[in-house]
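Student: Please find one structure pasted underneath; my questions will follow.
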């Protein structure tokens, strides 16, 4: 999504229009799925707050793309685990338990991951002596601009907007975790969320860009980007995240976001001819290391909770006897 969105924006597409189309394609995808898979009572009004927050995320993110590169955008988006961890602790959806080894591993892993993201985005270092991939994709080659070659590296507007998008996404995670207990229907809630988002983003997009010729999906990269972002990312992706948040909690879902960085860095080098810097490699290693520290801590924490539950059940059985 990061690569395609960047290419669409580089072709001159307005970010507001991209967001509106993205939500529209997501609505078309999720509507039939929700109808045939889930038939729950009408409790849709409970989703309104979550919907508003998820609208802000792609808007800030796309404006961040506009003033940055895909690799930096993905790197700063990896602040999401740290923000989610803090919010989850504040709203009592995650136990810090800093006196335990598991709690310390989660905290250290989060800090290491954030440090890697900041290193990647703020320190470039020497260019890694690696040849071009040799992949010749015409639709992408024609869209490469000076932004893709790193001329936006020093622009602070993009990184700031991306950090704001990560913050709104983290808040959505927290709200979604609580909403899952009230309305456990991920397809239906996501379909309604995207339908409302389509209306809001379309109205706002028309206000910001009233010229209809700007809403054209030509060149083809615009259509490809909007369809992929809507169907896969905002559609299927949001449903899967909602389900995972309900099962594992918001923090567990957010810690996997750093894996995007390695993929984006590789694809940016292969498809956009973006240079690979030493800072990119070091930052990527730190992010992956932080991810596994957090996962190790979560695993140990779950094992401890399971043992406590088994011990409590055994104690209750003995008291009943």
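Including glycine, each Cβ sits where the backbone N, Cα and C put it.
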Student: Which is it, of 40-60, 103-123, that TrEMBL names as transmembrane segment?
Tutor: 103-123
Student: Which range, 277-297, 298-318, does TrEMBL list as transmembrane segment?
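Tutor: It is 277-297 that TrEMBL annotates as transmembrane segment.
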Student: With helix taken as DSSP H, G or I, strand as E or B and everything else coil, how many residues of the domain 'EamA' (157-295) land in each class?
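Tutor: Its residues fall into 118 helix, 1 strand, 20 coil.
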